[in-house]
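Lifted from TrEMBL, the feature list:
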- 6-121: domain 'Tetrahydrofolate dehydrogenase/cyclohydrolase catalytic' (DOMAIN)
- 140-288: domain 'Tetrahydrofolate dehydrogenase/cyclohydrolase NAD(P)-binding' (DOMAIN)
- 166, 167, 168, 232: NADP(+) binding site (BINDING)
Ligand SMILES: Nc1nc2c(c(=O)[nH]1)N[C@@H](CN(C=O)c1ccc(C(=O)N[C@@H](CCC(=O)O)C(=O)O)cc1)CN2
């Protein structure tokens with residue numbers, strides 16, 4: 001058996017197309033342009049790439065893009081002042097602080113200083129609480145992207161057994177809430193879970209978000225299950241040349257693809273959906289801020 005490959009690049013392009021349509025309609029009917037501000041502190045190379053991509057794609061879908069690049073030693077007070085000015089700026093509907101932040105900054109404090117209505121990452125404690133209680137919220141981009149791919153592939157997820165491996169605030173916990181919201185029976189597994197292979201073997205849906213390269217082998221996967229690999233791990237690849245690297249997920253792709261019904265690759269799976277969902281969330285935030293109906297198919 002060979003799994004269906006869920007192509008995140010193609011799916012993300014479709015989502016960005018829907019966002020661009022929504023942005024065009026807002027402009028034509030209401031003369032409103034959604035604005036997204038991204039704040040980057042420091043020079044983490046991967047973060048710089050993601051922030052550049054976010055800015056480029058924001059402009060491509062017709063939105064206003066603002067970038068604040070701050071020095072690595074920026075004080076908490078200065079960062080909070082930037083966020084305050086963005087909270088008060090009516091042309092900005094979405095604010096995102098790129099993570100990870102340098103160690104001297106308190107991530108929770110910084111995130112919770114963002115206006116929850118503009119918190120397009122869905123990390124603010126108010127949005128976490130709203131999602132956890134099944135109320136309308138901003139939903140974290142990576143789990144939202146996973147949910148969209150699962151719904152697109154399966155239609156209804158109702159009654160399916162889902163295992164989320166990983167309990168981070170950014171992916172594992174919100175992913176579990178979203179699957180619960182779609183009536184899955186959800187298990188959150190983590191480093192202390194007993195008999196992890198057996199737990200995973202029971203699942204119709206496996207979401208791997210642990211950050212450990214190729215930790216989940218194919219013989220943990222139930223035949224026909226759907227595997228969503230959130231991991232992005234960079235390994236040395238001397239076979240490609242000196243200093244070269246290759247990306248792998250948290251799932252051992254070849255062995256898992258041999259038994260799964262469907263699987264997301266790395267790269268080209270969940271990753272591209274993260275930025276597409278950020279744009280979708282910005283459009284949603286803009287519609288909500290203006291009392292307009294939300295775009296269809298772009299929210300949880
Ligand atoms: N404030 C936030 N910070 C971070 C988030 C987030 O959602 N909000 N997520 C990640 C980084 N991230 C976006 O910010 C992100 C990660 C990966 C990709 C992606 O498209 N990956 C590609 C591979 C890219 C590569 O070659 O490195 C793929 O998987 O195909 C997009 C966005 C942490 N920080």
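Numbers here mean position along the shown chain, with the first residue as 1.
Backbone N, Cα and C define each Cβ position, glycine as well.
Where TrEMBL records a feature, it is marked here on the structure.
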| residue | record | Cβ within 10 Å |
| --- | --- | --- |
| 166 | NADP(+) binding site | 23 |
| 167 | NADP(+) binding site | 18 |
| 168 | NADP(+) binding site | 17 |
| 232 | NADP(+) binding site | 18 |
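Binding of NADP(+) is attributed in the record to 166, 167, 168, 232, and the widest Cα separation among these residues amounts to 16 Å.
With a cut-off of under 6 Å between the Cβ and any atom of ligand 1, the binding-site residues 166, 167, 168, 232 reduce to 232. Note: the domain 'Tetrahydrofolate dehydrogenase/cyclohydrolase NAD(P)-binding' (140-288) comprises 60 helix, 30 strand, 59 coil (DSSP; helix = H, G, I, strand = E, B).
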